[in-house]
Every structure is written in C-alpha cells, then in structure tokens.
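According to Swiss-Prot, the features are:
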DOMAIN    4-111  domain 'PH'
BINDING   HIS121, CYS132, CYS133, CYS143  Zn(2+) binding site
REGION    157-178  region 'Disordered'
DOMAIN    179-239  domain 'SH3'
MOD_RES   TYR206  phosphotyrosine
MOD_RES   TYR228  phosphotyrosine
DOMAIN    247-345  domain 'SH2'
DOMAIN    370-623  domain 'Protein kinase'
BINDING   LEU376, GLY377, SER378, GLY379, LEU380, PHE381, GLY382, VAL383, VAL384, LYS398  ATP binding site
ACT_SITE  ASP489  active site, proton acceptor
MOD_RES   TYR519  phosphotyrosine
Amino acid sequence: MNFNTILEEILIKRSQQKKKTSPLNYKERLFVLTKSMLTYYEGRAEKKYRKGFIDVSKIKCVEIVKNDDGVIPCQNKYPFQVVHDANTLYIFAPSPQSRDLWVKKLKEEIKNNNNIMIKYHPKFWTDGSYQCCRQTEKLAPGCEKYNLFESSIRKALPPAPETKKRRPPPPIPLEEEDNSEEIVVAMYDFQAAEGHDLRLERGQEYLILEKNDVHWWRARDKYGNEGYIPSNYVTGKKSNNLDQYEWYCRNMNRSKAEQLLRSEDKEGGFMVRDSSQPGLYTVSLYTKFGGEGSSGFRHYHIKETTTSPKKYYLAEKHAFGSIPEIIEYHKHNAAGLVTRLRYPVSVKGKNAPTTAGFSYEKWEINPSELTFMRELGSGLFGVVRLGKWRAQYKVAIKAIREGAMCEEDFIEEAKVMMKLTHPKLVQLYGVCTQQKPIYIVTEFMERGCLLNFLRQRQGHFSRDVLLSMCQDVCEGMEYLERNSFIHRDLAARNCLVSEAGVVKVSDFGMARYVLDDQYTSSSGAKFPVKWCPPEVFNYSRFSSKSDVWSFGVLMWEVFTEGRMPFEKYTNYEVVTMVTRGHRLYQPKLASNYVYEVMLRCWQEKPEGRPSFEDLLRTIDELVECEETFGR
C-alpha cells in the first residue's frame, strides 16, 4: 500500500446516511488522499483520529454536484460527490479552485478502475429523492451520462489579469511513472473493423496515446501505426502483472478450473487463478495418476512469507521474489507437488472477450453487413436468428416486431447499454435503426437459454456446477448493481449459456420497453409474478434489491434443474402466498448453505436483502468450500 500523500485539506462532509434512521449532519474533517485510500480524520491524520476511509479502487464516480443556487447549510459552498460501493459521499470545498483540484486528482487515481459508472446523478439526494430526476430509490440508476474523461461541468474561472503575464509552472509530478509512457501487452488478437482501429497481435507491445473512452483506447504499434483498440484486450507491462502470462486465469473459480483442466486431459496441466481470499492466488493442477490409478485435481495456495522483502512459495523450502519465478521453478521441479507444472491451460487465445461494440463509437450497424442464418427462437419482441457480421463474426439478431417495443426510447438507451461490458453479460454490439423492422445485434451464445439447458440435461449436473452457474449470474448482476443498472426481469429464461458452459445475463433493462399490457401490468397474465418481490407486484417499485429477490428464484430454478416456481399455483395465488410469508421449498440438490442464500434474497423488506456484492462474496466462499458439496 502506498501512503504517499497526494492531497490533504480540511473539508466538510455530509453524513452518508447508510441507514434510513441515520441523522443528516455536516462535519469538518481532515481529508487525505493517497494512491490507495481517501481517508478522513477528526483533527489530526493519526489512526486513532480516523473517522472513515474509502478504498480508491471501489470508487465508481467523482464529479461536481450541480446545486442550482440551492441552500448549502455549511460554510463551504462548493460540493462534489464520491460514489463508492452502494453509497455517495458529498464533500464541500472552501473554494472552486479547491474543489476542482480534488475532483481532478481523484479522477486521475480512479481512471483505471473497472467499475466506473455509465450514468450518475448530478444533483443531491435530499429528503428521500434525487433532486435531478426525483427518483426515490437511493440505488436508482443514474439519469445523466457520466464521462470520467470530460472536464468538470463548471467552466474554469478566467485567470486574474496579473497572472496572464506569464504561464503558470507545470504541476509537480506525483510519481515518476505518471510521466512515463504507458506500454501495454496484447492478451488477444484483434482485427481492425474500421479504418480508425488498430490491429492487435497477441504478445506484442503497444504504446497508449489516449484514454478518452473506458472501453476503447488510442494506441500505436511498433511500426508507427495508430488507432483504437479494445481496452480489455491489453494489460499493463509490469513485472507484477500476471495478466500477461498464459497460465493466469483471472475470473476462474474452482469448478470452472477443474472443468477446463479435465477437458484438456494432460498430465501436469495447470493454471494460476485468483483465490477466494482477496489478494491471494491458487495453482490448480491436474494429474492422471492422482492415487489408486485415478486422475485428480490439486489446488495449492501460493503462500507469502512474513519477511521483508516478501517472498512467495508453494513448497516452503523454495521461496521466490515473484509468482512467475515460482511457476518457472515448478515447471522443472515437482518439489512437493503431485507432479511438476508441465502444461499451461488457459482460455486466452481461444475465447477472446467481447468488445463494447465492434469498433470505437460504432453502435449503428449497416444491415447489409449482416447475414441471416437459422432461427434460434422467438421472444417478447420478435424472432431471434443466428447470423454473421461481415461474414466473419457470429451474432444473434433480434428482429423487433412492430408494436412490440417503445423503439425511440430503446434506441437512445442502446448507446448506454452498449457500454455495459462484462464477461458475464451478453454483449450488445449495436442496432440497425434505419429500416423496419429494427434489429438488435448481440453476442451469440452457442448453448442457448439457461432454462432449456437445465431441463434438457436433468440428472447430469453436479452440485458444484450448478453453484458455478449461480456464481456466473451473480457476477454479471454485481456489475449491473455497481453501475446502478436494474435488470427488472432476471430469470433463467433470460440467461444464456456459451459453448464453454459460461452463463451470461441477457435482456437487462429490456422490460422497460415492452408495450404489451399483459406483460407490463402486474395483473396481466404474462407478468412474471413468480420472480417478483412484494414491492414490485404491489407498487411496481423496481430496484437492485428487487433484482436480488429474482436472483434467489433463479437460484431455485438452477438447483431444481429448470422447474417452474410455484408450478401448481396461479399468479393471484402466488401473490397471496408470498404476502403471507410463504417461500419456495428447499431443492434436493441445494445444501442448507445454498438454501440459506436463497432465503436471504427473499426477505420481505428490500433493505433486509443482501446486495449482489454481498451475495457474490458468499457464493465465492461456497464455491471454494469442499464441505459444501459433501466431497
């Protein structure tokens, strides 16, 4: 952790009111910003005076608050906001210059965070609602597009006449590396789709020129060619950055690791993955001779010494200064492992991640570039077909039936939805809006709908595979929650399965654009009552916490291998039962631990339910815990 101070100043903070009963007050605090923490103290910057802190990596948005000459009940009149986790901290600076400096420095520190918001609330949360859009849910999605890289909403004041005579000195660099060139390494190949794109070749280095967009960066290759590249296809060239190594799999749980190692079926197949304990790593290793002639898996935690400098080891007698050195050593020496690390197993080079659109700022797709193939199915909006874009990339194409959707609203929102990019979300690539019917072009998922996938393979799933499916969905939903985006119709039917068995969340937010009253009215025959909490079927109050309820029902669908919730009851009967406290029964394949997670999702009051962040932490622990599966 780097404790070098970037900024330090006495500011005023408003209480975050994390609970409804929390008082609203304003207190003077000493704020200290470092590379890793924003901390505030009462009086002096000493641990015993610390009143609170925010992990910089958890910050999703920093911006000036628009107040429109409203009353500010404290002496500092220049507010800005720091959005983190599920909370917003309002801070008041003594001058516009002070505020601009804090916003600028904070934005510099969060520019590489992977949780930056798509939309935010530009005005205060006051008296139970946002002053900008009057939404009454604190976790309601933002109402204005947020661009981390744009300058603040307030124009800089013109310099005083005497300062025009000479240029101000350059700012003092925080660290030498801030002024150095940023070199990245391509983790995947990328073919340039448009003239302004730059081709990527796996393993090659590139110089970053601009980061004006979270998802697309401007870069230069070794030949001097310049263009835009997808930011999730490259990683920083640093000795401690594991992403550049073939054997490292960032988002890989125990169950998925075993599936991948088993499919390769090579003696000594291995990978390094993130442990369920944050900041730690696990080596997953496959052997065909795991004892008594059977094949098996071994999972070794990479341990750290308490000495300085810190060292890492799998076998205590063989400690090294870095993780790559450990791997290199054990490639040649078993040294306490069941076998040496012979063959790196990875998804890199096989399944490149999706991109936010096919190219930088390309969201309108020319229909002549689409080739239509077989029909995949039909839904609320119309027929879905397998197709190809430019005869090369497989895509799913939804032809929107006339009168099925509020098209104008959706087209505007599509630009925002395209920027929602996560390995566990079905990617929206673009739309065709210049003709009727309009087309929605998304990522193609080979194994189709999760509900059908479960039903067609009943009796063939292990408990850990089922839990891994829930983990996939929870990861996607945690990303939506982080970006203040509500799904509104989460269910197994609205999740899709890839060729590799990865489950991804689909159709997020689409329920808002349905025009069918039978679907949108809680009394309609098509309304998904069986997936809805009381506040939705009674008052149509959607939030991330209503999505959490639906996630609990989805977990139940998964662990019953695709059964219909409350299958013997009508929607009216379900409303009555749920209102009286009745909940779905425990599936046979669900352990007590897993069913307990479902019950937490079905708490009557929204505030009693966990966040997706909490759920993901719990499920991660269950996935890693062998006892859960009775092994």
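Placement of Cβ uses the backbone N, Cα and C atoms for every residue, glycine included.
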Cβ within 8 Å of the Zn(2+) site's Cβ centroid: which residues qualify beyond HIS121, CYS132, CYS133, CYS143? PRO122, LYS123, TYR130, GLN131, ARG134, GLN135, GLY142, GLU144
Other CB atoms within 10 A, centred on TYR206 (phosphotyrosine): 24
Counting Cβ atoms within 10 Å across all protein chains shown, which of the binding-site residues CYS132, CYS133, SER378 comes out on top? CYS132
If you count CB pairs under 8 A between the domain 'SH2' (247-345) and each of 4-111, 179-239, 370-623, the winner is 370-623
Cα proximity to HIS121 (Zn(2+) binding site), best match among recorded positions TYR206, TYR228, SER378, ASP489: ASP489
Take the domain 'SH2' (247-345) and count its residues per DSSP category (helix H/G/I, strand E/B, coil), listing them in that order. 21 helix, 29 strand, 49 coil
With DSSP as the yardstick, break the domain 'PH' (4-111) down into helix, strand and coil residue counts. 21 helix, 50 strand, 37 coil
Under a three-state DSSP reduction, the secondary structure at ASP489 (active site, proton acceptor) is coil
Tell me the Cα distance separating SER378 (ATP binding site) from the residue listed as 'active site, proton acceptor', rounded to the nearest angstrom. 17
SER378 (ATP binding site) and TYR228 (phosphotyrosine), distance between Cα atoms, whole Å: 36
Going by C-beta under 8 A and a gap of 6 or more residues, the same-chain neighbours of VAL384 (ATP binding site) are GLU375, LEU376, GLY377, SER378, ALA396, ILE397, LYS398, ALA399
A correct count of other C-beta atoms within 10 Å of the C-beta of TYR228 (phosphotyrosine) gives 24
Select the closest residue to GLY382 (ATP binding site) from the following recorded positions, measuring between CA atoms: CYS132, CYS133, CYS143, TYR206. CYS143
Please report the distance from the Cα of CYS133 (Zn(2+) binding site) to the Cα of TYR206 (phosphotyrosine), rounded to the nearest angstrom. 42
